[in-house]
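> Dumping the structure here so I can ask a few things about it.
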Amino acid sequence: MPYISFFKISKQQVVYISQSKAQKVWLKKLSGYQFLNLNLFTTFVSALLTISRISEPVRKGTEDMETAGNVVVKCWDNHRSLDQKTIDLKRKLVDLNALKQDVESRKKAELHPRKKLKSQVDVWLGNVERINDEIQNLEQRVAESISISRGFFMKDVLKKIQEVEELLQQGKFDQGLVVNDLTWIGQALSTTNLVGKAAENCMEEIWTCLMDDDIRRIGVWGMGGLGKTTIMKIINNRLSKMTEKFNIVIWITVSKEMNISKIQNGILRAIGEELREDEDETIRAGKLFEWLNEKGRYVLILDDLWDKLSLEEVGIPKPSNGSKLVVTTRMLDVCRYLGCREIRMPNLPKQDAWSLFLEKVGKDVLNYPGLLPIVESVVEQCAGLPLAIVTVASSMKGITNVHEWRNARNELSKRVRGVTGLDEKVLQQLQFSYDHLECERVQQCFLCCALYPEDCYIYEYDLINLWIAEGLVEEMDSQQAELDQGFTILNKLKNNCLLENGENVGAVKLHDLVRDMVLRITRPRFLVRAGLQLKEIPHVQEWTEDLEKVSLMSNYGLRIPSQMSPPKCQMLTTLLLSDCRIRSIPDCFFEQMKGLKVLDLSQNNFRILPSSISNLEALTLLSVRGCDYLKKLPSFSKLEALKKLDLLGSKIKNLPHGMDRLVNLNYLHLWVEEVPSGILSKFSCLRDLGLSSAFVRGEEIGELKKLEFFEGSFFDLNELNTFVQALKSRGQQLIRYNVAVDIKNFYRFCESDKYIELSCSHPICRNGVKFPSDLQRLRINYGIVDFPEEEVFFPWFIPMQNGKFSFLKEIVIFKCEKIKKLFTCSWVQSNLPNLEELTVLECHQMEEIIASEMEFVEEERMGGSNSNTIPLTLPKLRILDLDLLPGLKSICAANRVMVCDSIEEIGIFNCSKLQRIPLYLPLLDDGQPSPPPSLKAIFISSKKQLRSVEWDHPNAKSVLGPILKSDDFLEPCKSDSEFDYGSDPESDYDSFLESDTDSDPESHYDSLPELDANSDLESDASLPNDG
C-alpha cells in the first residue's frame, strides 16, 4: 500500500510520498509544470492535504490519490490565472461604481415630491452596494490565503465578474428611474392660524362645497388682506391627505401679472410633466388638457387671480367626475365669468378685530383708560381687515403716549377720507405702518424688498448684502457688525409685519398688497419687472433719466438687442439683471450709467463682459457669480471704488487687468487658476475672501488684518502653519473659515463654520501641524506620507495641550492607509470635550480607534490588559460611524468602556474583525442595563457580526434589540455538514470547487494531524524534481 509520512520543517507542513503507483500518478498529473524550489512544491502538496478532508483520508488508496491529483492540478491552473481575473473584476467594478454615481445623479434630478424611485432601481442600488461589500470581502480572503490555495477562489471571482456584468446591463434604466407616487396627491404648505369665528365659518362653507359632487367651481372673493390665501392653504393641506377622494391637489399662485405660460408651467410641475418652452401655446394647452383628464379627480386651486381667465387657453378641462376648480380673487366679476359658486370672505367682526389688535399691540394699552376710546377708533379705521390691523397694531406696539395715539388716529382718518376703492384704502392703511418706521434708513431698506419678484422668497443674507452695497447700512469696522445691523433692521420690519417669514429657513417674503404699496411709493423712481418671464429688455424709452433702481431679475431667456441705444440713466444706482441667462450685452450698454453703484449680473450666459463697465467709477458691487461661460473681463483699473467683487463660478483663468488698483475691496470671491504672489496683500481692507481654485500663501493671508471670513487652499502644512501662527499673533480669530490643504478646486460653504480639510501627499513630521484653537470640524483624507505606523496618529501628529480643541465638534478620517491607531485615551479626554461626530472610513490598516497608553506602549511585554473597567467619557458624542475598516479589532482598549450620554447613532459597517462594542449602558434599579436615553439606532452591516459582537453586559442584546439594525450584505457561510460526500470522489471535489461558499480554505489546515517534529527529511531524490 502507498503511504504518506508527515514531518515539520520551519513550521510548514510538507508531504513525502514514497516511490509507488501513487507517486507515478502524481508525476503524470504534474507533467508540464515546473517548480522553482522545494518550498513551492511542498506548499503545492499541502494544498492537496487541505482538500483531502473532503473525501476519505488519502491513505484510502491510489484511486483517491489520482482524483486528488486532478483537483490539485485544477487548483494550480486557477492559481496561475487568478490575478488576471481579479484585475478584470476590479475594472468592471470601477465601471459599475461609475454607473452607480450617474444613477445617483439622475435620481436627484428626477426625484420630486410627486415621484418615487422605481422598485427595480432601489433593488439595483442595493445590489451594487452588496456586490461592493462581497468583492471587498473576497479580495481580503484571497489576499490572506497562501500560494496555491488561492485557486479555490477562482469560482467565486468568475461568479462576481458575471454578477457585475449583469448589474452593468441592468443599470441603464433607459425608461427613467422614477414613477408617479400614487400616495402623494399634493404639496403641504406653511400657513398660520385663522382669526375669528367668521373666518372659520367661511372655511367650512368652502369645505362643504368641495365635498359636494354637484359643485365643481368655487370662487372665494374679497378685498386683499382678508385671509383668503390663508384659508385656502389650510384647505390645501387637508385635501392633500384625502387620497380616497381626490387623485391630485394642485396649487398655483397666479398674481397680478397673469401669464398663460406661467400658469401652464406651474400645473405641469405639479403633475410631473414637461413641455418645451418654445412650443406653441395652443399645442401646450392641448397636451395639458389631456394630462389633466388622465389624472382623474383633481382639485386645482388658482390663488390670487386678478383677471378673467380662459380655461381653454390654459388647457384646464371643465371640472367633471368629481374634479374641482377653486379660485381666490378680489373681483366678484372673475368668479362670475368662471361660473363659480361665490363665497365672500368677510371682514373681521368688531370683537374679533379688537382681539387681534390687542394681541399685536400688547395689552398694556388697557392699563391707560384714557387711551381706550382712541385705540378703539384706530381699530375702527382698519375696517376689519386683518392685514391692516396687524400692521397698524405692530407699528404702535409699546406706545402709551396719548398724543402719539391721537396723531395716529388723525393720520389714518385723513388717509382714508376721500379715497375711493377698497384696495386703495387698504394701501393707505398699510402706508401708515411704513410712515411710522423709525428712520429713513429703515424705510429705504424696506423699499428694496420690492425689487424681488412677486410671491418669491427672499433670502435674508442676499437682502442684507444688497442693503450694505446700497450704503443703507451704516459702514462699520467689521463685516459681521454690518450684518448684525442688517439683521436688526430686518427684525424691525418683521415686527412691524411688513415682512413675513418664508417657507424656507432664512428667507422672508412680502405680502402682495404690501408689495403693491411699496411699488406705489417708489413709482416712478423704480422700474421693477422681476420674474415676469420677459423675453426682451424694456424699451429704451422706459429707461427714464430719473430712474434710481431697475430690477429685471429672474426673466429666464431675457434678450438685450445688439442695436439698442445705451439707456440714459445718470441717476441710476442699482441694476439687477441676475438669473436671466442673458447671452450677450452690447458693449456700450453701460455708457450712460455713470452713477451706477450696484450691478448684479450673476447667473447669466454671456462670454464677455462689456467694456463699458470699465468706466463705472462709482461702482461698489459687481457680481458675475455663476456665469459659467464668462471667459473675458475688461480692465478694472478705474473701478477703485469697488468694495465687493464676486467672480465665483466663471471660466476666468487669470485676474483681470488693473486688479491691483482695487484697494478698497472688502469682499473678494474668485475662481481663477493662479494668483500672482503678493497681489492679495494689496487688498488690506479685505474682510471676506473666497479663493479655492488656486493655492494661496499662508503669509499673505495672515497679512490681511481685517479678514473675518476666509475660504481657500494651501499647498502644504507649512503654509497652513504659517497662516495659523499669523492668526495667533494678531490676537483675533476669524469668524468663519473653510480651509483645505493640498486640495485644489475646494468649495464648501457653511454658515458659522470653522472647517479644515487635509489631504497630505507631502511628508509630515511629529507635531507637524498647527490648528486654530476654535476649529469646529476637521477632515483628513487619503495618504499620510512618512507616518511611522507604530505611532498613535493624533498624539504624534498634533501636540498635546489641554483644551486645545475645545470647540471641535466633528472629525472625519478617510482613506488614511498607514494609520493603525487614531487616538490615545488621555489625548481624547484632554482635547475633545465637545466632540459630537466621529467618522472613520476606508482605513484598511486601522486596528484601534482609541488606544490605551499603557496597552500601546507595553502590550507585548504585559501580554494582556487590566480587568478593571475604566470609563472613557465622551459627553457630547452623538454619532459614531465606522465603515470599511477590515483590520479594526477594537474601538477602545479592552479595559475601557465608553460613556456617551448624548449618543444618538452608532454605525459599524464592514468591520469584520471587530468583536466588541464598548458602550456603557446605564443600569436600572433592578440591575438591568438600559440604552442611553438619546440613542436611536445601532447599525451593523451583517447579521453574522450582529450575532457575534460582544457587549459588556450579558443582557445588552435583548435590551438593545429594538434599535439594533443590520443588512445581510454577505450570504451566511455554509457549514461542513451541508456538503454531501457521495461515492464519486471526483464529483464531490468538483461540487466543492463550484460551491458558493465563503469559508476560508486555509482554515482546513486546522484539521491536519500533529506532525513529528523530530522526523528527518529523506533525500531530495525521493521527491519530484523541482527543476
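Each residue's number is its place along the chain shown, starting with 1.
Note: Cβ is positioned from N, Cα and C throughout, glycine not excepted.
In TrEMBL, annotation is done automatically, which means it is predicted and not curated.
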> Among 37-64, 121-148, 933-960, find the range that TrEMBL records as coiled coil.
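My reading of TrEMBL: the coiled coil range is 121-148.
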> I'd like to know if the domain 'NB-ARC' (200-363) touches the domain 'Disease resistance protein winged helix' (451-518) in this structure, counting it as a touch only when three or more C-beta pairs sit under 8 Å and are separated by 6 or more positions.
yes
> Between 0 and 100, where does the mean pLDDT of the domain 'NB-ARC' (200-363) sit?
85
> What is the three-state DSSP composition of the domain 'Disease resistance protein At4g27190-like leucine-rich repeats' (799-917), stated as helix, strand and coil residue counts?
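So the counts come to 17 helix, 40 strand, 62 coil.
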